[in-house]
Amino acid sequence: MAILDIPKSRTGNIPLHNLQSAGLLVKELELARGFIGNKKFTKKSDENERADSLVMAKLYAVLEAVADRVEMHKNIGDQRDNWNSLLLTSINAITLAAATMSSIAATTAVGFGSGASLAALKLSSTLMFLAATGMLFIMNKIQPSQLAEEQRNAARLFLQLQKQIETTIAIGSPTGHDVEEAMEKVLALDKAYPLPLLGVMLEKFPATVEPAFWWPQQAKESAHKTCSKSNGWNSKLEKEMRSIVEVIRRKDKADYLRLGGKALMLSKLLAISGPLLTGLAAISSAFMGSSSHTGFLAAMLGIVGGSLASIVNTLEHGGQVGMVFEMYRSNAGFFKLMEESIESNLMERRENGELFEMKVALQLGRRVSELRDLASSPKSKGEGAEEFASKLF
C-alpha cells in the first residue's frame, strides 16, 4: 500500500497578531481613501457655500440701500409738500396785502391828494407785488406739488423693489443675476426720480407728454429670440395676452396720455397767468395818484390784478395741477411697463404662464376669468373697444 505523505499546512504557524495587523492596515487604507474623497467633496461644497454667502451678502447690501432710499424719498416728499402749502399761503397773503394797500392808496389819493402816506402806500404795494411776482415765478418753475408727487411715486416704487428682494431671499437661493437685476432697478429709479433740484430736475413743462419710465431698458437682442419651452404657456394664453396688450395700448395708456396733455396745458396757462397778473399789478401800483383817470385805472388794475392773481395761484397750487399731471404721466408709465413686460414674456417665457396670467389680472384689478373674458370680447379686437383693461384706475 502506497503511503502518501501530505505536508501539513503552515497557516497554523502565522501569528495571530500579524493577521490582526493586516486587517487594521486594510481598514486604514479604506478610511484614508474615503477621507480623501470626502475632503474633495467638502472642499467643493465649501466653495459653493462661500459663493452663495457672497451673493446673499451683496443682495442684502442692495436691500439696505433700497430701504434707505425709501426713507429718503418719503422725507423729501413731505418736505416738498410743505413747500407747496407754505409758499401758497405766503404768496397769497403778500398778494392780498398788496391789493389792500393799493385800495387804501387809491382812497387816500381821491380824498386827500398825494402826500407822504400815499407815497409810502404806493411803494409798499409795488414792492410786495414785485416780491409776489418773483416768488410765484420760482414756485411755478419748480411746481412743488409735482415734486412731492414724484417723491411719493419713488418711495412707493422703492418699497415695491424692497418687497421683491425680500421675496427673492425668502423663496430660494439668489444668484448673481438677481443681484445685477436689483442693482439695475435701483439705478433706473434713481435716474427716473432724482433727489436734487438743480441740473437734474425733471422738466415740468415738456413739449410732449411721455409716459414715466423707471425700469431698466431690456436688451434688444433678446427681443428677437423665441423660447421653445412651454413653461405653462400655450397658444390660447399667448393670444389672450396679445389681446390684453392691444387694449392697454389703445385704451388705458392713450387715455392717460390724453388727460396728461390737458393737465399740462392747464398748468402752463396758470403758470403764465399768475406772474403776469402780479406784474401788471406792480406796475399799476407805481402809477396810482398821478392823475384822475390814470390813477383810477392804475388803482383798479392793482386791486383787480392782485385779487385775480390770488385766485389763479390757489387754483394752480391749491388744486395741485402739477401733481395731477405727474399722476397721469405715472399711470401711463405703469401701463407702458405692463405692455413691455407682457411682450417680453411672450418672447422669452421667463415666468410660468399661469402665474404670469394671475399677476396681470391682479395688476389690472380683475379676476383671471374676467381677464379671459376681456381678451375674448369682440370689442377688444377693434378700434371701438369701450372697456378699459384696468379696473383700479
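A Cβ is built for glycine as well, from the same backbone N, Cα and C atoms used for every other residue.
Please treat TrEMBL annotations as automatic predictions, because they have not gone through curation.
Here is what TrEMBL records for this protein:
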TRANSMEM  86-112  transmembrane segment
TRANSMEM  118-138  transmembrane segment
TRANSMEM  269-289  transmembrane segment
TRANSMEM  295-315  transmembrane segment
Practice item. With a Cβ cut-off under 8 Å, give me the same-chain residues at least six positions beyond the ends of the transmembrane segment (118-138) that come close to it. Key: 87, 90-91, 94-95, 97-99, 101-102, 104-105, 108-109, 112, 274-275, 278-279, 281-282, 285-286, 288-289, 302, 306, 309, 313
**Study point:** Cβ contacts under 8 Å made by the transmembrane segment (295-315) with residues that lie 6+ beyond its boundaries
**Key:** 88, 91-92, 95-96, 98-99, 102-103, 105-106, 109, 125, 129, 132, 136, 270, 273-274, 277-278, 280-281, 283-289, 321
